[in-house]
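Undergrad: Reproduced below are the annotations present in Swiss-Prot:
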DOMAIN    6-116  domain 'MTTase N-terminal'
BINDING   Cys15, Cys51, Cys80  [4Fe-4S] cluster 1 binding site
DOMAIN    133-371  domain 'Radical SAM core'
BINDING   Cys147, Cys151, Cys154  [4Fe-4S] cluster 2 binding site
DOMAIN    373-441  domain 'TRAM'
Amino acid sequence: MSQLNPKVGFVSLGCPKALVDSERILTQLRVEGYDIVPSYDAADVVVVNTCGFIDSAVTESLDAIGEAMNANGKVIVTGCLGKRPEQIREAYPQVLAVSGPQDYQSVMEAVHAALPPRHDPFVDLVPDYGIKLTPRHYAYLKISEGCNHRCSFCIIPSMRGDLVSRPVDEVLREAERLVRGGVKELLVVSQDTSAYGVDLKYAERPWRDRLYQTRMKALCEGLSELGVWTRLHYVYPYPHVDDVIGLMAEGKLLPYLDIPFQHASPRILKLMKRPGAVEKTLERVQRWKAMCPEITVRSTFIVGFPGETDAEFESLLDFLDQAQLDRVGAFAYSPVDGASANALPDQVPEEVKQERLARFMAKQAQISALRLESKIGSVQQCLVDVIEDDIAVARSRADAPEIDGLVHIQNGGELGLKVGDLVDVEITDSDEHDLFGDALPSGHAVQPGRTLNLQIV
């Protein structure tokens, strides 16, 4: 491109939903002829997409803004922390503009004001699947914004608003474009995937000569037509989640559910304003495993929530023993500015929270190690993410990127595997988190995807 093109640096922080927001902004910048550069020095202006969910994320976002201000001086701030402009401007009064999440138009207007485009837009500069910040072989597919729940520890609705679902045909067309661009795995994300379409009264829309409801199961049926891995994230434990387990058993969806249970004590769940029928939750987990023996269930939990007693924490450990979840993430409760849980009595001392977190993770590590050990001798279909020397680092159908385990393919170099290859791997060993094995010579017939060479500062 011409050296005259205006140059934008970009910092993307936060969750996969925020990453999708960044991809949309970057796509529009490229459509309008802006160059995206990987350093502050080379940038004419810097956009920082922030996170503001928990205190540590706020600190990280403010630090990133400060770094960009010190190194460049021309900074536009957007994202969740942008819902608190006074906090940003108190720390950095010289930022050019502040906007909230999903406010793409305000970001572009701020960029135009600071750095007008120097030529007419060239749509052909951008592939039809847009600019991606993930490797080319997988992509996050955001199906809605906002959330209708009011969990006491969460401030997402105040930042991103109530649930707004994207029409199902719009989502399916985006998925088609991504697959045409080389994507082998679609990761469905939202604040509440199982509530998808409720705000649109499950309206029907046409796609590929068929009507689809704007509903989780119908969306999954449509995505299954694309012939790539489809993985569900952020699934709220509603009863109708059972409807998609059959699709997993039929091989139409990856047998994987990311479903945050948060706790096992009915009283604590009530304080969290979460569903509290723990016995039903256990029954459903067992039913899912009976319907689809291959299913991987990932969940997240909060330990040390205000009022959590020793007995209630022990009940959480008992739940882990009974549920035998495959993948688990946990956090020690941390107050979030604006969350109603901050006002709850009987706050748990920090040292107790950390001790409980350590015990919780040690318990789950034992469970995970045994579940992974049971896969030794099996053959797992894997997607190659990285080539390191002679070893291919991949993920099985049970592993989402960045949050789950890896499969280390010892003979990856010998077979000439490439990033984006789908390959069958015979598992020979395991540890608490990862699997190790050898690719079967006939297992990597799928053509590899090409890694997107895009950097962000």
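These residue numbers are counts, starting from 1, taken along the chain as shown.
Using the three backbone atoms N, Cα and C, a Cβ is placed for every residue, glycine included.
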Undergrad: Do you know offhand how many angstrom separate Cys154 ([4Fe-4S] cluster 2 binding site) and Cys80 ([4Fe-4S] cluster 1 binding site) by C-alpha?
TA: 13
Undergrad: On a count of neighbouring CB atoms within 10 A, which of the binding-site residues Cys15, Cys147 is highest?
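TA: That would be Cys147, with the highest Cβ count within 10 Å.
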Undergrad: Report, as a single number, how many Cβ atoms besides its own are within 10 Å of the Cβ of Cys80 ([4Fe-4S] cluster 1 binding site).
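TA: Total other Cβ atoms inside 10 Å, all chains included: 28.
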Undergrad: Output the one of Cys151, Cys154 that, of all these binding-site residues, has the highest number of other Cβ atoms within 10 Å of its Cβ.
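TA: Per the Cβ count within 10 Å, the most buried is Cys154.
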Undergrad: Taking 8 Å from the centroid of the Cβ atoms of Cys147, Cys151, Cys154 as the cut-off, which other residues in that chain fall inside it around the [4Fe-4S] cluster 2 site?
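TA: Near the [4Fe-4S] cluster 2 site, beyond Cys147, Cys151, Cys154, sit His149, Arg150, Phe153, Ile155, Ile156, Pro157, Gln191.
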Undergrad: For the [4Fe-4S] cluster 1 site (Cys15, Cys51, Cys80), what does the 8 A shell look like? I mean other same-chain residues with CB within 8 A of the CB centroid.
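TA: Other same-chain residues near the [4Fe-4S] cluster 1 site: Leu13, Gly14, Lys17, Ala18, Thr50, Gly52, Phe53, Ala57, Gly79, Leu81, Pro101, Met159.
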Undergrad: Tell me the Cβ contacts of Cys51 ([4Fe-4S] cluster 1 binding site) under 8 Å, same chain only and six or more apart in sequence, or just say none.
TA: Leu13, Gly14, Cys15, Ala18, Ala57, Val58, Glu60, Ser61, Gly79, Cys80, Leu81
Undergrad: Within the domain 'MTTase N-terminal' (6-116), count helix residues (DSSP H, G, I), strand residues (E, B) and coil residues, in that order.
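TA: Across the domain 'MTTase N-terminal' (6-116), DSSP assigns the residues as follows: 55 helix, 22 strand, 34 coil.
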Undergrad: Hey, does DSSP put Cys151 ([4Fe-4S] cluster 2 binding site) in a helix, a strand, or just coil?
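TA: The three-state answer is coil.
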Undergrad: So what's the mean pLDDT when you look at the domain 'Radical SAM core' (133-371)?
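TA: Averaged over the domain 'Radical SAM core' (133-371), per-residue pLDDT gives 93.
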